[in-house]
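**Q** Annotations for this protein, taken from TrEMBL, read as follows:
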type	residues	note
DOMAIN	220-307	domain 'Anaphase-promoting complex subunit 4-like WD40'
REGION	1-23	region 'Disordered'
REPEAT	33-67	repeat 'WD'
REPEAT	80-121	repeat 'WD'
Amino acid sequence: MDFVEEEPIEQDADNEELPENMEEVPDESWVTLNGHSKDVFALAVSTDGKRLLSGGEDDLAVFWNLEEIGQNDNLPHIKINEHSDSVVSVAFNGTNTLFSTADMSGKIQIFDAQTGEKMYDVDYCDDLEWTLWHPQADILLAGTSSGQIYVFLLSKKQVEKVKTIITETNAPCSAARLLPGAQNLLAIYGDGSVRLWALKDSSYSTLSLKGAATAVDVHPELPLAAVGTEHGVTHLINTTNMKSVSRFGVVENAEEENSVETIKFAPGYPWLAIGTNNGMLVVYDYETGQARHECAHDDMTVVKCAWWRPDADKIRILSACIDGAIRCWDGKSGEPLLFKCGAAAELFDFTIATVNNIPLIFTACAGGLIRVFKYEESQIQVEEDHVEENDVQQLEEL
């Protein structure tokens with residue numbers, strides 16, 4: 001299968017005119033990729049930064065060649081059009097030799113990541129919630145709305161072996177993460193249960209939380225996990241004994257319950273970022289239990305967050321918001337550093353990766369576009385200097 005040049009696609013668009021006195025939101029992206037006709041739901045970049053996967057509401061997945069991004073307006077890509085429902089999960093395996101695309105109906109397809117050639121279908125699942133590759137083997141895990149988890153041992157020719165992990169309830173398995181060592185899987189469910197599964201024998205330990213579990217992350221080194229709920233509470237869990245050791249975001253007598261949408265442990269620091277649907281991203285020190293920074297999003301849902309280390313001395317926290325903007329803060333001070341608009345197109349996913357030695361932020365947008373923003377420390381410094389100069393000028397005018 002050969003890559004083809006990108007061609008314009010008619011996008012979904014709202015034809016409503018802007019209200020009076022409201023300015024049009026600019027599109028500050030560096031590049032836009034036009035391969036979908038409806039909302040883009042999922043993104044993944046290969047670890048070598050050469051390929052991008054996207055999945056969307058148009059029952060389509062797209063395999064992009066990123067090697068000429070920024071140089072070629074028509075980026076080569078391969079369209080994968082054998083899905084019959086929205087493509088909600090796309091991923092590369094740990095060695096960038098295979099990739100998977102999965103739709104809501106449960107259909108999973110496996111491809112050769114070097115050529116884009118389809119290898120085979122994986123037709124075992126019912127309604128799909130997520131997929132996840134094992135980092136050290138060609139094993140694909142998939143969670144479903146009925147609570148079942150499938151473990152597929154794959155080769156380039158076929159599904160070699162299938163294991164099904166079944167719970168006694170039918171609550172959706174909404175997300176999961178592999179613990180360090182990749183021998184155990186922490187899965188969260190719509191009934192508030194959190195289960196740590198041993199992949200070898202399907203034995204498990206469990207913890208029950210109040211309200212549906214909505215987000216999860218695991219620490220890359222320590223036996224710690226964080227699970228957020230629909231009530232806005234995040235539990236820090238000791239995965240050795242599956243005990244909740246502390247809680248964050250607890251608000252007594254709250255008039256509104258704001259679900260946790262995204263959680264991420266900081267690399268190299270005892271910090272935990274938690275984003276909610278009330279537009280707040282809070283960075284906690286999980287050793288002291290204290291909030292370090294509160295990063296506001298104008299009361300708009302925080303869709304996803306990610307930590308980024310430009311170098312050994314710096315750490316940043318980035319977020320994607322439903323208002324279409326990418327925001328960046330200094331992880332140490334909490335100072336806002338960057339704000340990039342995406343023409344107010346709602347965001348469903350984002351990822352940051354180094355491509356051709358350039359850090360790029362890829363965003364999955366409503367309407368079918370993938371907007372790509374350059375992340376440049378020099379740009380951040382320029383914007384900081386510009387703000388300082390404006391402040392000085394305003395003071396002189398007073």
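In case you wondered, yes, glycine gets a Cβ from its N, Cα and C as well.
Automatic prediction, not curation, is the source of TrEMBL annotations.
Would you situate these features in the structure and describe their surroundings?
**A** Each residue in the repeat 'WD' (33-67) has a pLDDT score, and their mean in this model is 98.
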**Q** What are the DSSP helix, strand and coil residue counts for the repeat 'WD' (33-67)?
**A** 0 helix, 19 strand, 16 coil
**Q** Per DSSP, what is the residue tally for the repeat 'WD' (80-121) in helix, strand and coil?
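**A** Going by DSSP assignments, the repeat 'WD' (80-121) contains 0 helix, 22 strand, 20 coil.
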**Q** Summarise the domain 'Anaphase-promoting complex subunit 4-like WD40' (220-307) by DSSP state, stating how many residues are helix, strand and coil.
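**A** Across the domain 'Anaphase-promoting complex subunit 4-like WD40' (220-307), the residues distribute as 0 helix, 48 strand, 40 coil.
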